[in-house]
Number of protein chains: 2
Amino acid sequence: MEENNIKQNILRFFEKSRGNYISGEEISNNLGMSRANIWKHINALRQEGYMIDAVPNIGYKLLMIPDKLQGYEIKNGLETSTMGQHIYYYDYITSTNDKAYELAENGAKEGTIIVAETQSGGKARLERKWISPLGGIYMSIILRPVVNIEEIPAVTLVSALSVSKTITSLYNLKAEIKWPNDIFINSQKICGILAEMKGHVDKVDFVILGIGININTAINDLPPNSTSIKTLTKNIANRVIFAREFLKQFESDYTQFINEGFKSLKNECAELSTLIGKKVNIKMHNTILSGLALGIDDKGALIIKNELGDMKRVLSGDVLMCR
Amino acid sequence: MEENNIKQNILRFFEKSRGNYISGEEISNNLGMSRANIWKHINALRQEGYMIDAVPNIGYKLLMIPDKLQGYEIKNGLETSTMGQHIYYYDYITSTNDKAYELAENGAKEGTIIVAETQSGGKARLERKWISPLGGIYMSIILRPVVNIEEIPAVTLVSALSVSKTITSLYNLKAEIKWPNDIFINSQKICGILAEMKGHVDKVDFVILGIGININTAINDLPPNSTSIKTLTKNIANRVIFAREFLKQFESDYTQFINEGFKSLKNECAELSTLIGKKVNIKMHNTILSGLALGIDDKGALIIKNELGDMKRVLSGDVLMCR
């Protein structure tokens with residue numbers, strides 16, 4: 001992390017110089033390290049894709065920042081107190097959730113995130129795979145909520161709400177929540193969420209929230225009925241800004257969830273839900289429940305009125321179709 | 001397991017012969033293996049503490065069965081269909097729960113049990129240690145309940161009920177449940193339960209139920225305010241019979257829990273509870289809740305009426321004292 005801090009400080013210098021050359025001496029004086037050391041880190045940044053010009057007796061100038069989710073890019077200007085304060089970044093990983101699980105078992109703090117440019121074994125619900133081409137954001141967040149186990153299923157909805165609000169505030173697109181863990185824009189999937197957990201039955205040790213979002217992903221790289229921000233806006237989005245904004249929004253929503261309960265967020269979730277007011281078929285274990293989705297309750301369960309007029313609470317299930 | 005099956009079959013032969021000598025030829029014919037092979041297994045049994053007499057031209061006779069919880073002893077006459085059908089036995093282990101967790105992660109079936117004569121790192125709730133001297137039963141059961149996560153906390157109570165009923169039926173002692181996970185006889189602790197779990201927030205992968213019971217444990221080896229079956233009955237109990245009876249009882253109670261919900265067992269639990277009708281102080285996270293324990297609800301939560309007359313549900317907590 002020390003090395004990443006130096007890189008982050010050098011990048012902040014470039015940011016302050018606003019496109020001007022800055023002397024190696026000035027950087028080395030300010031960071032209290034040798035010019036040779038600065039040179040070493042400049043070269044490391046270049047290997048990560050930063051284009052940095054060097055002119056003898058004048059100094060360095062940052063020409064281009066690569067489109068990467070590097071921790072020091074996300075942290076630069078991150079307005080949170082816990083979420084994303086510790087970042088593990090990978091160009092390539094099998095699964096950010098698996099890495100997060102391992103780190104959490106070894107004591108990683110709440111708010112620690114794992115981000116990757118691509119995953120070979122991205123996980124989705126019901127043992128499905130989450131396709132993870134370049135251009136997306138694949139992020140896992142370690143949470144240590146001090147709540148009863150029965151409050152935990154709502155964590156997925158809280159994060160879905162935060163993703164939806166971030167998309168709307170940055171790109172002015174209406175992102176809807178398909179209960180319990182997907183986000184759709186114009187009936188096409190843009191984000192999936194997978195929450196795993198470990199604990200005692202009466203005390204949660206940790207929850208791993210895995211989030212995959214199609215940002216600059218090419219439409220041809222995605223499964224059918226999916227879309228990406230780039231496809232919808234016809235612009236390359238800044239993924240680092242997305243990550244920062246999402247972390248800020250999620251910290252706010254998650255803190256509200258912990259302090260006031262899911263109850264305080266359920267109306268917002270219901271308003272953004274694709275299912276409420278629709279007839280749905282939900283596969284639960286080995287049965288299929290059909291009925292009208294009436295709303296979401298205080299624990300995040302979907303309330304269904306079946307054909308006999310009975311009310312059913314559904315905490316987990318696979319929505320097969322809705323109309 | 002093959003080797004254990006052979007040992008189990010040999011021990012069944014001895015059982016059938018009811019204290020008579022049985023020829024090596026008869027055993028070898030029946031099991032379809034060489035007499036040399038039988039001899040090898042007889043010797044292995046001897047090393048585990050079985051006293052087996054061998055007289056040339058006459059045969060073998062079982063003189064004494066060691067007081068061990070060997071899987072083939074438990075399985076011999078076990079009347080269950082899942083619980084204890086796969087047994088991992090250890091003379092010594094750090095923690096049966098940790099071993100069960102590892103096996104469950106690698107796909108071990110529901111009902112698989114791990115038993116040990118002693119543990120060096122036995123686990124109790126709230127990161128405490130479970131003292132595990134010789135003479136106790138230290139058992140972990142792998143469960144894969146297909147229920148919503150909010151039903152899971154009740155699993156501890158279901159198993160406490162089964163332990164209590166087993167103690168009463170075998171020794172005619174009144175064993176009471178101190179919500180949520182301990183069992184007391186005459187206000188002294190005889191059993192503790194620790195349930196751990198892993199899963200997705202909307203689907204449980206597995207629950208590990210760890211149970212420690214003081215059976216023939218010497219009172220001097222136990223922490224203060226503890227007791228053992230041997231101390232109470234002044235007799236050495238047969239731990240193998242205890243394990244078998246408990247597994248049978250638990251299979252019955254657990255099946256009822258899965259099929260009919262905890263609701264169908266809560267009255268039985270409430271009747272055996274030490275807390276109902278008493279004033280209690282319960283430490284929850286960082287606060288202490290004081291009030292009158294009124295009952296147990298459909299999810300296994302304790303219902304407390306506080307001093308203002310408000311009803312509170314407590315799903316997890318540490319009972320500090322009650323009177």
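A Cβ is built for glycine as well, from the same backbone N, Cα and C atoms used for every other residue.
Heads up, TrEMBL stuff is auto-annotated, nobody curated it.
Positions annotated as DNA-binding region by TrEMBL: A:24-43. Counting residues per DSSP class in helix, strand and coil order gives 17 helix, 0 strand, 3 coil for the DNA-binding region (A:24-43).
What TrEMBL lists as domain 'BPL/LPL catalytic' is A:72-258.
Taken from TrEMBL, the feature biotin binding site applies to A:Ser95, A:Thr96, A:Asn97, A:Gln119, A:Lys189. Other C-beta atoms found within 10 angstroms of the C-beta of A:Thr96 (biotin binding site) number 28, with every protein chain shown included.
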Coarse DSSP state, helix versus strand versus coil, of A:Lys189 (biotin binding site): strand
Mean per-residue pLDDT computed across the DNA-binding region (A:24-43): 88
Conformational class of A:Thr96 (biotin binding site) under the three-state DSSP mapping: helix
Cβ atoms near A:Ser95 (biotin binding site) (within 10 Å, other residues, all chains): 22
For A:Asn97 (biotin binding site), nearby residues of its own chain (Cβ under 8 Å, 6 or more apart in sequence): A:Lys123, A:Ser140, A:Leu194, A:Glu196, A:Ile208, A:Gly210
Fewest other Cβ within 10 angstroms of its own Cβ, chosen from the binding-site residues A:Gln119, A:Lys189: A:Lys189
Per DSSP, three-state class assigned to A:Gln119 (biotin binding site): strand
